Amino acid sequence: MADPLADFGSNVDLTVQEILLAASQHDVPKLRRLIRSNDKDGNPANVKDPETGFSPLHAAIAACEPDEAQTETNGVNGETSSASTEQKSLVQSAAETVKYLLQEGAIWNDLDLNDETPGCIARRLGLTELYEMIVDAGVRAELLLNRLDGYEPLSDDEDDQETGQGEDAANEPAAEEDQDGAPELVETTAADASAAEASTEGPGPDVTSSRYLDSNLTFTNDRLLDQDQNGVMMAWETEIMSRSAKKLLPTTGLRVMNIGHGMGIVDGFIQEQSPAAHHIVEAHPDVVAEMKRKGWHEKPGVVIHEGRWQDILPALVAQGETFDAIYYDTFAESYADFREFFSEQVIGLLEQDGKWGFFNGMGADRQISYDVYQKVVEMDLFEAGFDVEWEEIKVPKLEGEWTGVRRPYWVVDNYRLPLCKFMD
């Protein structure tokens, strides 16, 4: 077993060192004693080594990495079987340690100095059981935070003083994610924010819906950027948009609505399916102007709605408009906005046998975040009365795509294309 703590410096606080060592040795009883007896500020389950950035979760999982000597001798003179048994036992003890740390409030997506979360390490080492444990912890944390987002904090000062809890309690860093406002539902996580702060360019201004709508956009052949160089839409998404349009519109003559025109990629493919009616909701005035310049308002069946979907859709519902297909691809909106869209608006706009989809970029700048948000959205869709099917599409290598873009919003290998419909 490799020693994940071998590089610990002598300047590490003794208590921190003991906690991290106990985590790496999967010594749960000792961990429990150390954590319960800790009298320092902060959660001891989230202490960090200053030289590696390891938290106890990182240390517990990294301890399962085989050392070089063990790797070299595997398969020689029948040693594979014993090594495999030893590794299974090691992973099992790690699982117990991870379970305990999560129960104590360990942050599932904390970043080390190698820009890895505990789940990233588990995935890199092929430790599926541990990876799934971290994913499930992320799902629980995100579901909780999303629910808390819907509650107003107590405004009674006396209540706050009596309980010792005010808004700070709701702001504990128990979990991720980003918000970069979700460009095309690309969520920015707390982990990503830390990474941005460590970069040479810095994190830059927050991406909010109001800032985006007030910004000047730059249109080129292969990308659409806002004034902060955030990628609003890029040409590499073309295959995804083509497949989405064909899945939503398997036949001609259907009624469709797209929310978020951007570069017009998906709307172009929708036109190829010869819809009977093609409604487009677009909030940014620069995009609307570009649409008119390109003659979108003159295309067959096209109706352009200028404004935010939050203002447009209720009016369409009141008018009795319905659609066979709906696509959602907005920029700089939060997951809460998206949840409101499918929970409150789709039900009044989609035909009973209709289909709808969305650009699935939530957490796509880190595989574990992408996996977490797939489960989160599945649960929320189920609660709203929708079934969802996923189709995996291989994403091409994008190394050269991000030149001139503030940050890559896509790093995972496969895109999961969603197709949603009402439950039977």
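Glycine residues also receive a Cβ, built from the backbone N, Cα and C atoms like all the rest.
Annotation source Swiss-Prot lists region 'Disordered' at 67-89 (among others).
Per Swiss-Prot, the feature compositional bias 'Polar residues' maps to 71-89.
According to Swiss-Prot, the region 'Disordered' annotation covers 151-212 (among others).
Look at Swiss-Prot and you will find 163-173 (among others) tagged as compositional bias 'Low complexity'.
Look at Swiss-Prot and you will find 187-201 (among others) tagged as compositional bias 'Low complexity'.
Swiss-Prot lists 205-424 with the feature domain 'RMT2'.
For Tyr212 (S-adenosyl-L-methionine binding site), the count of additional Cβ atoms within 10 Å of its Cβ stands at 22 [all protein chains shown]. For the recorded site, Tyr212 (S-adenosyl-L-methionine binding site), the DSSP three-state label reads helix. Residues or ranges marked as S-adenosyl-L-methionine binding site in Swiss-Prot: Tyr212, Met241, His261, Gly262, Met263, Gly264, Ile265, Val266, Glu282, Ala283, His284, Trp309, Gln310, Asp329.
Cβ environment of His261 (S-adenosyl-L-methionine binding site): Asp267, Ile280, Glu282, Val287, Met291, Trp296 lie under 8 Å away, each six or more residues apart in the same chain. Listed in sequence order, the residues of the same chain lying 6 or more apart from Gln310 (S-adenosyl-L-methionine binding site) and placing their CB within less than 8 Å of its CB are Asp337, Glu340. Taking all protein chains in view, 22 other C-beta atoms sit within 10 angstroms of the C-beta of Met263 (S-adenosyl-L-methionine binding site). Contacts of His284 (S-adenosyl-L-methionine binding site) defined by a Cβ separation under 8 A and a same-chain sequence distance of 6+ are given as Tyr212, Leu213, Leu217, in order along the sequence.
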